[in-house]
Amino acid sequence: MPGPYSNVVYSEREAINAVWVLVSTAMIFFMQAGFALLECGSVRAKNSTSILIKNLFDACVGSIAFWLVGYGFAFGDVKSFIGGSPDYFASSGFENTPEDHYLLWIFHFAFASTSATIVSGSLAERTQLNSYIMFSFLQTGFIYPVVVAWTWGGGWLQQRGFHDFAGVTTIHLVGGCAGFCGAAILGERYGKEKDREAKQREGEMNRRQSVNFDNSHHYQKVINHVNKDYHQAFKEWLVNQSDEFRPHNQTYVVTGTLILWVAWLFFNGGSTNNLFVPRANGPAKIIMNTVISGSAGGVVAVFVKARLLGTYSFVNRYDCGALCNGALIGLVSITGCCDRVEPWAAFIIGCIGALFYVAGCKILDMLHVDDPVEAAPVHFFGGVWGTLATGFFDNQNGLFYDSPTKGQYFGYQILAIVCVIAWVGTTSSLFFYTMKRLGLLRIDKAIEIIGLDIAEMGGVGEEIYEKMRRDFGSSIASPRSMTRPNINTAENVSKVQSDDI
């Protein structure tokens, strides 16, 4: 809507800075592609399409939520805790202020979408899509913006000197905490329950008795694609599927990690929002610190994780996933202080970040919290360490430097961790628990065994299709024809009811 500042034109210096912010925004938003590949490769092939569509919904739903209400809550004349100025909601008054809120909106939207997509990995392979879409709207429209109001929007933490340069607390701790709470309430994927031996005995008994899926509405949809003569064999084949939960495509995982790493350089470097800054705090040094911390985290994690978790063996010496996630937690850990630390400190921060990642994996395993992509160990535990690291290594106010306010400064870093976890943990847990009680959170067990791609996404991935073809030959339809049947017609309903499965 036109306003008193509608015809303002950038000066040359402002235009250069605006281009820097726009380029950085594009690269930050491209992180969605990195997360999509990383998460797709980390899940089983039968759920690869479902995780991709969740990432797309994060971008689409998140942009609408952040435009309608999120930006207003985050920056709308924040006094202490939350914004409320009408000019900031749905961009209704962006041209009434001298500040270019169009530029700031797209930059912070890219951040908001990053925080939301972290959650999708923790909930992979067993979450109903509709409930996830609702949470994505809640995350980008309310939960995340409230924390932004505290830290960047002029709220109570920012007023007290809290420092989070590029979002280690505001983005990664928020997303990681929400993902951890969701995964804990959702429960483990089918086959990963605590008592493995009991589950194996149950599976053996099911195989002897040919487990009965006949009453499952979702199973009936899938079985229509199989020749009637093979129904019993197909049913047993589903039950006999291995409970192997290893990532199905390491190429996607590594490619996604590298895309994220490249984008992270702009994630941190672009947070200056200004190219005309002192060299000691400029984009070049920030990017250098980012590279060093990520590299240190990856190297330490790959050599430490298997040994500390007891999975090291002659044939399992180098864990590709540990190398990728170690690099990512190194990148997360440096995000809050990359503008105020020296390269040697960035190296230490990355190394310790890798230890936090390994500890996070161990703690989640002890608590039986199933996180398919290890998003919580990377972003939740990395967010905690990165916030603390700012209090230690900040070359202006950190504990390792001579500053009269360093104790108070470190105290507010700790207080921020406690308050953010309390806020995000309470709000996200309330949502997930409510959805669980209503039966709207977790998918049907039959879908979980069959796979979301086959049962709900209109088809089947190529790898699952090839495995089915090897086991059943020509009785299995091709991926193009393996779409959801129209069971609403009387003819198909009659066919489903009359089939002797």
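Glycine too: its Cβ is placed from the backbone N, Cα and C atoms.
Please treat TrEMBL annotations as automatic predictions, because they have not gone through curation.
Your range for region 'Disordered', going by TrEMBL and the list 190-215, 476-501, is 476-501.
Tertiary neighbourhood of the transmembrane segment (413-433): same-chain residues 134-135, 138-139, 142-143, 146-147, 150-151, 157, 162-164, 169-170, 173-174, 177-178, 181-182, 185-186, 383-384, 387-388, 390-391, 441, selected by CB-CB distance under 8 Å and a gap of 6+ residues from either end. Sequence-distant neighbours of the transmembrane segment (132-153) (same chain, 6+ residues past either end, Cβ-Cβ under 8 Å): 54, 57-58, 61-62, 64-66, 68-75, 78, 81-83, 108, 112-113, 115-116, 119-120, 123, 162, 164, 169-171, 174-175, 178, 182, 416, 419-420, 423-424, 427-428, 431-432, 435. If one looks beyond the transmembrane segment (287-306) by at least 6 residues along the same chain, the residues whose Cβ comes under 8 Å of a Cβ in the stretch are 261, 264-265, 268-269, 312-313, 316-319, 322-331, 333-335, 338, 341, 343, 346-351, 353-355, 357-358, 361.
Residues 111, 114-119, 121-123, 126-127, 135, 139, 143-144, 147-148, 151-152, 267-268, 271, 332-340, 364, 367, 369-371, 375-376, 378-384, 386-387, 390, 416-417, 420-421, 424-425, 428-429, 432-433, 436, 441-442 of the same chain sit 6 or more residues outside the transmembrane segment (165-186) yet have a Cβ under 8 Å from a Cβ within it.
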